[in-house]
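Engineer: Have a look at this one before I ask anything.
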Amino acid sequence: MSTAGKVIKCRAAVLWEKNKPFSIEEVEVAPPKAYEVRIKIVATGICRSDDHVVNGSIITPLPAILGHEAGGIVESIGEGVTTVKPGDKVIPLFVPQCGKCRACKHPESNLCKHGDLGRAQGTLMDGTSRFTCKGKPIHHFLGVTTFSEYTVVSEISVTKIDATSPLEKVCLIGCGFSTGYGSAVKVGKVARGSICSCVWSGRVGLSAIIGCKAAGAARIIAVDINKDKFAKAKELGATECVNPQDYDKPIYQVLQEMTDGGVDFSFEVIGRLDTMVSALMCCQESHGVSVIVGVPPNAQSLTMDPMVLLSGRSWKGAVFGGYKGKDDVPKLVADFMAKKFPLEPLITNVFPFAKINEGFDLLRAGKSIRTVLTF
């Protein structure tokens, strides 16, 4: 029996208040309005940005259903939707692409003005929610809201992908993999034969290492305080691994000494202010490029000596690896299907959705790279 046009009752993980576990609840998901799409989520990844909401580092209205990295199948569409149809495999886009705003039209920009990133309204574009639970409206997250068996997104926040692609793997392209990989190949524009460093070897950092390798870097130095991550980093392309705790000097000085004055490209993937500065300082002073990938805490400010930049270093940042979702995500899925890069080594656990809190415990304990939840 068709569910189009009807309210769907399904399971979702609701965060009622910060610093509390997720609660598996039955929620009601309203039908999509005009230019909206309702998606049956098949697989969704647990991202550290979701945990930043749980611990209060990222502010978003609560109660909310989090989740922003997923793959699913279109269940129904609202009036006026033309780019997807029921039955299509899709990836929701937490960075939308309207194609009309100034950012979307610029070839080097991807921050569509309609995105919820940074504004944290917790609603769809019309200012309302499609979720209710126990008679109360529940907020969306980043316009995609994937910790729910069904979700509703704006048409500009979803893209169709290869019908044969495995959603439990390509869901990583919805955030973490693209963020790291694109930071290397698209934002940093790593050059063949160059020297790169990546501060932190978590899932996004490993994806940046994959990107550096794909771009032809000659040396890729992984920096992490957890030596257990080094084997995986080397498996995916790191040529050297460095633990800052093994030295009695700042890590940027260690890297400068290892590379005859500094690396050509560095990537900060933690989101700490001190490591952002360190990643910049480890770059070669006349031409080094440092890319901020990690999400910093709210209301934090950096103080820098401008001479560090005046000498010739460049400091860049990007969200979602600089990718335009509708244009680039289908291409990334196609590249994965063509075996141009791996995703499997990044997935350490596949859990049923009900084990979401166990997945977050593993993330916080540093015992997982990526946990994927399946419905």
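Cβ from N, Cα, C; glycine included.
Found this in Swiss-Prot, in case it helps:
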- C47, H68, C175: Zn(2+) 1 binding site (BINDING)
- C98, C101, C104, C112: Zn(2+) 2 binding site (BINDING)
- W200, S201, G202, R203, V204, G205, D224, K229, V293, G294, V295, R370: NAD(+) binding site (BINDING)
- S2: N-acetylserine (MOD_RES)
- K234: N6-succinyllysine (MOD_RES)
- K340: N6-succinyllysine (MOD_RES)
Engineer: Determine, from DSSP, whether V204 (NAD(+) binding site) sits in helix, strand or coil.
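Structural biologist: Looking at the DSSP assignment, V204 (NAD(+) binding site) belongs to a helix.
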Engineer: Can you tell me the CA-to-CA distance separating H68 (Zn(2+) 1 binding site) and C104 (Zn(2+) 2 binding site), as a whole number of Å?
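Structural biologist: Per the Cα atoms, H68 (Zn(2+) 1 binding site) and C104 (Zn(2+) 2 binding site) stand 20 Å apart.
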Engineer: Between C-alpha atoms, which of these binding-site residues comes nearest to K340 (N6-succinyllysine): C101, W200, V295?
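Structural biologist: Nearest in space to K340 (N6-succinyllysine), counting only the binding-site residues, is W200.
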Engineer: Closest of the recorded positions to D224 (NAD(+) binding site), Cα to Cα, picking from S2, C47, C112, C175?
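Structural biologist: Of all the candidates listed, C47 is nearest in space.
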Engineer: Kindly assign C175 (Zn(2+) 1 binding site) to one of the three DSSP-derived states: helix, strand or coil.
Structural biologist: coil
Engineer: Compute the mean position of the Cβ atoms of C47, H68, C175, which form the recorded Zn(2+) 1 site, and then list in sequence order the other residues of that chain whose Cβ is within 8 Å of it.
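Structural biologist: Those within range, site residues removed, are G45, S49, D50, G67, E69, F94, L142, T146, G174, G176.
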Engineer: Just jot down the residues in the same chain as K234 (N6-succinyllysine), at least 6 apart in sequence, with C-beta under 8 A of its C-beta; none if empty.
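Structural biologist: K234 (N6-succinyllysine) has long-range Cβ partners A222, C241.
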Engineer: Mind telling me which of the recorded positions H68, K340 has the densest Cβ neighbourhood, counting other Cβ atoms within 10 Å?
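Structural biologist: When each Cβ's neighbours within 10 Å are tallied, H68 tops the list.
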